[in-house]
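Input: a single structure, listed below in structure tokens.
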């Protein structure tokens, strides 16, 4: 019998990102109660030796499963000590993998308050707009002009601790170009 391989997308992440993700998920499941219905499975409850945890997030009749791994092959850099995360959408027998931005958007649609459809009309009429958007990570890219106007109109209240973002968990912060603050040009290279 031949070996059969199954390929999945696993985002390489830093071990500290995974620890932060676990603590945020547990806080919002057990303390703030904003993540009602979420299910956390620790490493010892999994039969797979490389799975360090699973978070099952119900989305209607589907489920989003965020699985973190350890003991994978190391990456190109020393800090990539074989830790990774995969994000899977499950509905009955159908399964597919999703990107972190889409996962955040789906979580936002099902769990956290955002501006209602009538908020734009209320803002134009000068009425009080509520609720405010709690989960900023669910709005990927720039957002619509109406959303940006509402965001300016209604001051957002920062939640402590922040809500768990799958995009931030899978973000590659080492390969991004660094931003330099306050230096418009190099003073030694401007010809003077």
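Note: Cβ is positioned from N, Cα and C throughout, glycine not excepted.
In Swiss-Prot, the annotation motif 'BC-box-like motif' applies to 144-153, one of the ranges 84-93, 94-103, 144-153, 154-163. Here Swiss-Prot gives region 'Interaction with host APOBEC3G' for one range in the set 40-44, 45-49, 115-119: that range is 40-44. Of all the recorded positions listed (96, 108), 96 has the fewest other CB atoms within 10 A of its CB. Look at the region 'Interaction with host APOBEC3F and APOBEC3G' (54-72): DSSP puts its residues at 0 helix, 14 strand, 5 coil.
The CA atom of residue 108 (Zn(2+) binding site) is located 19 Å away from the CA atom of residue 96 (phosphothreonine).
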